[in-house]
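Enquirer: Here it is: the structure, laid out below.
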Amino acid sequence: MYRVLQILTDAEIAECKRIAAATPFIDGRITNPHNTAKQNEQLHEPSAYKQSSDIIRAAMLRTPEFAEFAFPVFLAPPLITRYKPGMKYGAHADAAFIQLPGATIRSDLSCTIFLNDPKDYDGGELHVRLGDARLTFKLQPGEAIVYPSDSFHQVMPVTRGERLVAITFIQSRIQDPFRRNMLYELNEVAALEGLKMDPENYGRLQLVQQNLLRYWSDRP
Ligand SMILES: O=C(O)CCC(=O)C(=O)O
Ligand SMILES: [Fe+2]
């Protein structure tokens with residue numbers, strides 16, 4: 001399962017773009033020297049990274065649809081990346097474990113937050129392979145695509161303008177995507193229908209929701 005979510009306000013988008021414009025970028029291969037598929041640039045300056053990742057992280061964590069869909073327990077600091085004409089990120093798998101200062105997280109879900117207008121660049125679509133389906137995302141500024149980290153994906157070459165996005169990885173409380181999706185569905189239906197139910201039956205439904213969460217979570 002994947003979700004497109006509205007994450008950033010116009011002011012937050014403008015601030016991230018301002019930070020990106022004022023900060024040097026480096027070759028993205030610095031963090032994956034052996035990954036020949038990766039041809040992009042990433043923000044490179046600790047205070048700009050902290051400022052921009054704090055804005056995006058806080059925006060994600062205040063978005064109820066994100067919490068309901070992802071059951072996040074760890075969220076890597078979102079990193080702004082840039083693609084100029086000729087740049088792309090060939091088909092690849094994301095690393096299972098991501099080392100952060102002070103913690104290693106498992107990537108269950110990957111996320112791209114779009115920062116500039118799709119009209120401002122050609123190409124640069126994110127293609128995600130889910131089973132036999134090929135999904136394409138080129139979203140509006142402030143929107144994010146959250147997709148399973150175990151899927152093959154790529155960023156198509158940019159042929160005009162600049163693609164500016166932020167990327168992050170999420171460790172979910174519920175590692176198994178089947179269980180995560182079932183809990184998401186159950187919680188959605190309970191939220192939509194629960195108050196119309198006989199109160200005792202609603203209580204029983206809530207018992208099931210809480211017990212599945214209790215027994216399926218791999219972290220508190
Ligand atoms: O820029 C994107 O949309 C995705 C980038 C990506 O796949 C990655 O950083 O692993
Ligand atoms: Fe990736």
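Even glycines carry a Cβ here, placed using N, Cα and C.
Predicted automatically and left uncurated, TrEMBL annotations should be read as such.
What TrEMBL shows for this protein is this:
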type: DOMAIN; residues: 74-172; note: domain 'Fe2OG dioxygenase'
type: BINDING; residues: HIS92, ASP94, HIS153; note: Fe cation binding site
type: BINDING; residues: ARG163; note: 2-oxoglutarate binding site
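Please situate the listed features within the shown structure.
Expert: The DSSP breakdown of the domain 'Fe2OG dioxygenase' (74-172), given as helix, strand and coil counts, is 3 helix, 62 strand, 34 coil.
In sequence order, SER107, SER110, SER149, HIS153, PHE169 constitute the residues six or more apart from ASP94 (Fe cation binding site) in its chain with CB-CB distances below 8 Å.
Just so you know, the Cβ of ARG163 (2-oxoglutarate binding site) picks up 29 other Cβ atoms within 10 Å once every protein chain is counted.
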Enquirer: Which site among HIS92, HIS153 has the most other CB atoms no more than 10 Å from its CB, taking these as binding-site residues?
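Expert: Highest number of other Cβ atoms within 10 Å: HIS153.
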Enquirer: In Å, rounded, how far does the Cα of HIS92 (Fe cation binding site) sit from the Cα of ARG163 (2-oxoglutarate binding site)?
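Expert: Rounded to a whole number, the Cα-Cα distance is 19 Å.
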